[in-house]
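Peer 1: Following this message is one structure expressed as structure tokens.
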Number of protein chains: 2
Amino acid sequence: MVKKYGLEDVSKATVSRMATYLRCLTYLEQQGASTLSSRELASLTGVSAEQVRQDLSVFGRFGKRGTGYDVAHLKTEVEAIFGRGVERWKCCIVGVGSLGTALMSSRMVQKWGFRYVAAFDRDPRKIGTHVERIPVYSIDELKTIVRREHIAIGVIAVPASSARNVARILCEAGIRGILNFAPQSIKVPEKVPMLSVDLSQEFLKLSFYIQSAEQRAREEQIQIDAASHNE
Amino acid sequence: MVKKYGLEDVSKATVSRMATYLRCLTYLEQQGASTLSSRELASLTGVSAEQVRQDLSVFGRFGKRGTGYDVAHLKTEVEAIFGRGVERWKCCIVGVGSLGTALMSSRMVQKWGFRYVAAFDRDPRKIGTHVERIPVYSIDELKTIVRREHIAIGVIAVPASSARNVARILCEAGIRGILNFAPQSIKVPEKVPMLSVDLSQEFLKLSFYIQSAEQRAREEQIQIDAASHNE
DNA sequence: CAGTGTGAATAGGTTCACAGCG
DNA sequence: CGCTGTGAACCTATTCACACTG
């Protein structure tokens with residue numbers, strides 16, 4: 001089916017939620033659910049029902065009025081939006097440390113059509129070995145192999161100090177997109193999409209929200225105390 | 001210094017950027033930088049200078065007009081916003097698989113005052129062992145140990161199928177915040193802050209952006225072709 | 001008549017423009 | 001004079017309200 005929407009004007013938030021919907025749809029299909037309403041999908045994902053309908057309507061009209069959405073059909077449509085069926089994304093990982101190894105072990109990622117075909121490291125003891133059946137090469141071979149194998153996605157799992165250099169090499173090799181797990185801001189040409197995930201930042205953010213929640217709780221307690229005092 | 005702002009009305013986006021600023025400030029301090037302007041911090045983090053000033057002004061007036069910000073001082077202030085100095089956050093990890101192990105090995109997290117004091121797993125072969133010097137206990141002991149050790153943060157690194165159960169146990173144990181790495185939507189009481197990171201969703205999102213970028217490139221190419229045709 | 005799809009209203013976040021200070 | 005801090009303008013995202021359909 002040919003899509004009429006322009007991928008370029010889909011908001012980041014919508015893309016993120018679409019991925020969550022897809023995860024839920026997969027789960028629901030496994031559970032044997034056949035149809036679901038926007039309200040159900042909303043309550044499963046923690047967004048509002050209007051938001052679900054608004055998000056889906058960006059890409060098409062997938063629902064039946066009065067009935068809701070067909071789980072299997074909607075899943076196929078959302079998969080197509082994320083490029084499933086179009087191709088199986090070839091990935092490589094740079095940095096075979098504990099995080100890199102953990103990422104390669106994740107069966108999850110494979111399920112969506114992503115496939116690691118190469119790993120790269122600087123450590124001579126690792127070069128030539130295999131991790132999760134994926135061969136580990138020297139970073140010097142990166143450009144050659146990325147080009148030869150037509151690798152689409154490069155995953156950066158090296159220390160912050162080498163992240164920028166790795167990103168540069170990946171871009172020069174003609175990589176189509178980058179996933180950066182190094183705690184380092186990286187600039188890449190605008191035509192190379194990049195997403196960064198900084199695990200330590202998540203801890204920092206969480207500690208902020210904990211303090212925020214506990215401050216709010218204290219303030220509410222003071223209000224309750226004051227109110228009971230006035231009785 | 002006593003803060004005048006209400007932590008509750010700080011936007012998610014601002015919190016996220018503040019964590020990025022802190023990462024940059026740490027880097028800059030190591031590099032020996034003494035002052036920086038909002039424009040410099042902006043270009044390092046990929047946001048606008050106005051955004052940087054707007055974000056910082058939520059928490060206080062840290063800059064000197066005409067000069068900029070003092071790196072060391074601003075870093076201290078931002079650290080304080082994230083609760084550094086107030087306490088060292090005790091953490092526990094549930095699920096000693098490859099991801100759980102990778103998270104425990106991360107020195108990064110320790111640098112910000114987070115400290116793993118316990119790990120939990122269901123696998124009898126892992127219980128009683130140590131991973132990165134952190135003892136692995138049975139999940140049955142979770143509640144007791146979290147309460148006894150006053151553990152603040154629980155990290156979920158188990159398969160999706162057990163994530164909800166683990167979250168429930170953590171909440172019952174009185175955990176103050178949760179970081180969820182399982183690909184599963186989880187509901188927790190509103191008073192327990194939770195952040196979720198789904199690594200496979202990041203791959204999906206990236207593949208969407210790659211397609212989007214390549215579609216845009218094709219469209220631009222068509223425009224260029226058409227223009228040169230009209231010459 | 002239940003539930004989608006969608007224009008309109010509202011809320012929220014970002015950028016602009018400039019006053020004010022070091 | 002340069003750069004911060006900030007109200008106002010602008011733009012984006014979410015929610016509301018309801019027409020419409022299977």
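Just so you know, glycine gets a Cβ as well, placed from its N, Cα and C.
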Peer 1: According to TrEMBL, which of these ranges is DNA-binding region: B:20-59, B:60-99?
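Peer 2: That would be B:20-59, per the DNA-binding region entry in TrEMBL.
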Peer 1: Reduce the DSSP letter at B:Val96 (NAD(+) binding site) to three states and note it down.
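Peer 2: In three-state terms, B:Val96 (NAD(+) binding site) counts as coil.
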Peer 1: With helix taken as DSSP H, G or I, strand as E or B and everything else coil, how many residues of the domain 'CoA-binding' (B:85-185) land in each class?
Peer 2: 37 helix, 29 strand, 35 coil
Peer 1: Going by Cβ pairs closer than 8 Å, show me which of the binding-site residues B:Val96, B:Ser98, B:Leu99 neighbour chain A.
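Peer 2: Out of B:Val96, B:Ser98, B:Leu99, B:Ser98, B:Leu99 lie under 8 Å of chain A.
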Peer 1: Let me know how many other Cβ atoms fall within 10 Å of the Cβ of B:Val96 (NAD(+) binding site).
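Peer 2: B:Val96 (NAD(+) binding site) is surrounded by 23 other Cβ atoms within 10 Å.
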Peer 1: Can you work out which residues elsewhere in the same chain, 6+ from the ends of the DNA-binding region (B:20-59), have a Cβ less than 8 Å from its Cβ atoms?
Peer 2: 3, 5, 10, 14, 67-72, 74-75, 77-79, 81-82
Peer 1: In sequence order, which same-chain residues at least six apart have a C-beta under 8 angstroms from B:Gly97 (NAD(+) binding site)?
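Peer 2: Same-chain residues close to B:Gly97 (NAD(+) binding site) (Cβ under 8 Å, separated by 6 or more) are B:Ala157, B:Val158.
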Peer 1: If you draw a 10 Å sphere around the Cβ of B:Leu99 (NAD(+) binding site), how many other Cβ atoms fall inside it, taking every protein chain shown into account?
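Peer 2: Cβ-Cβ neighbours of B:Leu99 (NAD(+) binding site) within 10 Å number 23.
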Peer 1: Could you pull the average pLDDT for the DNA-binding region (B:20-59)?
Peer 2: 97
